[in-house]
């Protein structure tokens, strides 16, 4: 048997099958296997019965083991033999099994240690060979580089985890705050409704008492009259059956008493009670209608907020393309604001530029997916915003309509809002638009507009057919007064907690200014 094989056998015999290290206080079990004392303690825990061998899984009714001192001594000898091996790369690696020479070289092609005879052999001729020590140092350097890289990645992962934990805590704190606000608001609403309920029920109690007090006297009087009439009827019936002599006695008085009885007037409910009940019923009807309107408005507002929030999930940052701007339009340095000037700039008449109407396009181009952005129109009196195809005519007259590749809404002279359909559609808005949200669903062929301030839907172009890339579209003119203020594209990063390009499930093409 080769010496290397003997060494391997000795190492296997002195290695714990659980921790795969040299035995430390080996304990022999009834099945004959040896396990480190500490390993047995970890495997068995506090169990005293029905324990099993970690190696062969044989079960023992009682916890029984005994120290194997002989194996412990052999283990110490094997460890000493390994520490007394010859030093140096050749001694550490051993000798070449083929040539019985020390392994002092390393073949880079075959990635294995070799001896000097192997280096001269045909098998390794022409291979890149390094001294073993140099190869080991190189590998150690590579390992160190990988260790440094992995440690950096680990540190980054830890920071990301900490950021995630912080974000989770902050978001959960926000949801808890919202939860507490909802509970508080509904408690206030509940108490308010309960107070109204108590007041209405108390008013009903007052009406009940008024009804009793007002009608009970009349009912008591009727009861007395009925009792008197019953007595008189009984007397007349008795008189009617008497013999002639008795019947004629006091007949005049008897008939006179009957004749004095008058037919009662028709019953009339006290009008003041009817009026009070009518007023109360009107209050209840008003309350019912108010609660119904409140419920419907709350449901409608929740749906509006949800619809707008879903659109805002597809937020993109839009900027103005100066190569397309009409010369009278002045763009800001950050390409997010545009205002009208009577003085035209001296700009090149490139093919992309509008040369007759005060229009400018935005970037990027959209070729698929869903995209949302917002525009601050403020108090401007004349403007048009929306989307258009990138291929629209830039020179000469242009009519903003779907058949020409435009899908937009417009304000005329600060009074009339229009959707530029064909023919145009009037938009009877309850409140003026200050901030407009534009939502493009390219694949569905829809362009929607929202009143961001009121959180409500304004208009949607449906069944649009886009022939190529689509771009944000802006047009404005000067009409004096407040309308001289710029039209502003709102930065979408951080809008109400949303980040730009969150959920932008689509494709866009950047256009370089």
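Just so you know, glycine gets a Cβ as well, placed from its N, Cα and C.
Copied over from Swiss-Prot:
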type    : residues         : note
BINDING : 96, 99, 118, 124 : Zn(2+) binding site
COILED  : 132-172          : coiled coil
COILED  : 282-311          : coiled coil
DOMAIN  : 298-492          : domain 'B30.2/SPRY'
ZN_FING : 16-57            : zinc finger
ZN_FING : 96-127           : zinc finger
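Location within the structure of each feature annotated in Swiss-Prot.
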residue: 96; record: Zn(2+) binding site; DSSP (3 states): coil
residue: 118; record: Zn(2+) binding site; DSSP (3 states): helix
residue: 124; record: Zn(2+) binding site; DSSP (3 states): helix
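Long-range neighbours of residue 124 (Zn(2+) binding site) (same chain, six or more residues apart, CB within less than 8 Å of its CB): 107, 109, 110, 114, 118. In this model, the zinc finger (16-57) carries an average pLDDT of 89. Same-chain residues with CB within 8 A of the center of the 96, 99, 118, 124 CB atoms, the Zn(2+) site residues themselves not counted, are 98, 101, 114, 115, 116, 117, 119, 121, 123. Counting other Cβ atoms within 10 Å of each Cβ, the binding-site residues 99, 118 show the lowest value at 99. Its Cβ taken as reference, residue 96 (Zn(2+) binding site) is surrounded by 19 other Cβ atoms within 10 Å in the chains shown. For the zinc finger (16-57), the DSSP counts in helix, strand and coil order read 8 helix, 11 strand, 23 coil.
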